[in-house]
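Structure first, then comments.
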Amino acid sequence: MVMVNSLDHQLVKQIEEICAARGVRLTTQRKRVFELICSSPKAFSAYELLEELQKVEPQAKPPTVYRALDFLLEQGFIHRVESTNSYIQCCSCNAHKHYSHLLICDKCSNVIELQDDSLVALLVDNAAKHDFTITNHVIETHGVCKACSAD
Ligand SMILES: [Zn+2]
Ligand SMILES: [Zn+2]
């Protein structure tokens, strides 16, 4: 099992409380997948998560991981990185739905989540000029993180 630090215990506790308040079940598998995602600032693919999960649950199959991911996405605990088809934790385990702006390092796969309301407000404004209602958008920015640019 991947080492989970104290900060992540805090996050796990937070999602346990949110699940209890919403009356949804955080099963052991859902919790394990969340802990794995939180174990690194790097984005994980479903396949990598399955490999990690199989270390503690050898019988785990792809649908096990996909069902857990669907649940975590639906609850807003994680985000899907569309451009790399991978998953990261939400920086705020958000109770309300929001769109993330992700900074993705192409060298180490670390992902930083920005929550820039001014950028989203600008998008909504621009869309409104065309009488267009936004239901979803993806803002992903690729580059090199601080640690990798120091190499
Ligand atoms: Zn988020
Ligand atoms: Zn990097």
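Every residue gets a Cβ built from N, Cα and C, even glycine.
Copied over from TrEMBL:
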- HIS98, HIS137: Fe cation binding site (BINDING)
- CYS105, CYS108, CYS145, CYS148: Zn(2+) binding site (BINDING)
Spatial neighbours of HIS98 (Fe cation binding site) that are distant in sequence (at least 6 apart) but have CB under 8 A: GLY76, GLN115
Neighbourhood of ligand 2 - binding-site residues from HIS98, HIS137, CYS148 with Cβ under 6 Å: CYS148
C-alpha spacing of HIS137 (Fe cation binding site) relative to CYS105 (Zn(2+) binding site), in angstrom: 20
Env. residues of Zn(2+) site, Cβ within 8 Å of mean position of CYS105, CYS108, CYS145, CYS148 Cβ: ASP106, LYS107, SER109, ASN110, VAL144, LYS146, ALA147, SER149
Distance, HIS137 (Fe cation binding site) to CYS148 (Zn(2+) binding site) (CA atoms, angstrom): 28
Nonlocal neighbours by CB distance (under 8 Å) for CYS145 (Zn(2+) binding site), same chain, sequence gap 6 or more: LEU103, CYS105, LYS107, CYS108, ASN110, ILE112
Position of peak Cβ density within 10 Å, selected from the binding-site residues CYS105, CYS108: CYS105
Protein Cβ atoms within 10 Å of HIS137 (Fe cation binding site), excluding its own: 11
CYS148 (Zn(2+) binding site) CB neighbourhood, other CB atoms within 10 A: 13
For CYS105 (Zn(2+) binding site): DSSP state (helix, strand, coil): strand
